[in-house]
Amino acid sequence: VLKKLKSKYGELYRQDNVILSGTHTHSGPGGYFQYTLFWITSKGLIRPSLNAIVNGIVKSIDIAHRNMKRGRLFINRGTVENSQINRSPFSYLENPASERSRYSSNTDKEMVMLKMVDENGEELGLIRWWNMVHEDNIKNRNHLFWGYSGYLFQELTVSCPHRPCFLVIQPKLKFAVLQRFSVATMCMAMGPGGDMFDSTRIIGQNIYSKARVSDNSLFRRMSPGLGWHTLKWVLQHIHCSQQDQHCSYSRFLRATSSKDGDPPLLGPPSQGCLTVTGKTYSLGPTSAELLPCWFQPISILRDMTRPHPWHPDIVDVQIAAIGSLAILAVPGEFTTMSGRRLREAVKREFDSHGTSQMDVVIAGLCNVYTHYIATYEEYQAQRYEAASTIYGPHTLSAYIQLYRGLARAIATNTVQDLPSGPEPPVFNIGNLTLVPSLNADQAPANKTFGDVLQEVRQQYRVTEVAEVTFVGANPRNSAENATEHNFLTVEKYTNTSESWQMVQNDASWDTRFYWTKGLLGRSNVTIQWHIPRGTEPGVYRIRYFGHYRKKLSLSPAVSIAFEGTSSAFEIVAL
């Protein structure tokens, strides 16, 4: 991203003033992170995935750059209820009772909203932070991609001919209920709805309802803080094994007695050895390097530095401040109490230097990923978050020290005096991948791509599911050969214009696209439309857009566009 930005804008957008904050999900593409643990579990480097992410980020910055205008910033805070619980209340109880008594909940329910308005009062966008929420209501068994509250903003808040025209930055959502099972059984997460999609819709609606406050009087205009029109930023690279606040475990894959969370690479380990589906893996000897800072109940599997480090040793710490808002860009996932301590420490640091009106928010998963950051007390319990706090029990203390230093530099105008730290390495991991290469697609005999195999019914009622199956092709062909490609549309016939008008596409919450791979290059595509309440009665159709890969005898294979269309069907009211 930075290389592309530099080629377009020179030194305007740089490492110190660009933050890449990831949307947390257990249901997204992989194959773009260079550290060994990650590219092994995602079957190597997946270049199309990497390119799509980079190009999408750069394009969004291009659009924002072209559309900059003068405006004002407003900030608001609100409480979102009935949308989250603590992943590990057992661990939270390890924190001091005196500290816990200051809060009404073991989760942070406060949401901070920053709204951008132009000089005419027209809303330009919204950024919202819902701190210390680990959003993964859509589970890793799902292969669809969604973000419901952002979708609602696009669909319900604005009306534009060419979306997107309203900026919404938000993560997906989680409502997890961890049930206690035996050690051999993983805890499963549930939500308030009938399934994970319904739960996401419910929680997304809760967030949207809180964030979508049309009355500007409920937002307060941002105070000067560091000064009107003031933008300040600071970034440092830190070598985690060289921080004096904690001992580094970053060179080692750790095995602990964690019992909750999604299954790790080798399954849920126990101390001394780990047994996975009947097989036992012996733990390697403890490294002498770790003996001075040995901390039970950690066990060490083996040194993990080859062929490249399995996890980052050099991480980014960064703060961006605009007026009275300080955004802490953190490289991991903070537990509820860890986030509270970090925010309070940074707020106190600003206060001590005469900037007492600062609003401090945490932006998670920024720039690099280092798993979890639990408190020292939570670390003792060695539940999932603690077991994944890879730099040891004092990780939070180290981060607090570092972010206080960044805040001090901003408040005292001494950013230029901070050492930038060691540059993170860039490894040559090549193009090794276990993802199968694209092969030529084949249609069944007497069929062509886009032909309908199973038609829609002639009539549906609102809340029913319209479904059609087409002769399909590998959707990777489209992803790698087209930009802004729509895989499907739902269209309504308009009598007045005697034409079809698109009402939904593959970004809509109510549509689903399923690709089923067959034998000998054949595949099917099934498109569903979960007809929502409020749909106008009338005549509709579903269209499918794809590319099939054709092998040529003396030339490289080519991708050829095609489309398919269902029969028209009628929707009637309930």
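Each residue, glycine too, has its Cβ placed from N, Cα and C.
No curator has checked TrEMBL annotations; they are predicted automatically.
Sequence annotations record features per position, and here TrEMBL assigns Zn(2+) binding site to His24, His134, Glu333, Tyr372. Look at TrEMBL and you will find 1-145, 185-401 tagged as domain 'Neutral/alkaline non-lysosomal ceramidase N-terminal'. If you look up TrEMBL, you'll see 404-571 marked as domain 'Neutral/alkaline non-lysosomal ceramidase C-terminal'.
Mapped onto DSSP classes, the domain 'Neutral/alkaline non-lysosomal ceramidase N-terminal' (1-145) shows 42 helix, 28 strand, 75 coil. Each of the binding-site residues His24, Glu333 was scored by other CB atoms within 10 A of its CB, and the lowest score goes to His24. Around the Cβ of Tyr372 (Zn(2+) binding site), a 10 Å sphere holds 21 further Cβ atoms from the protein chains shown.
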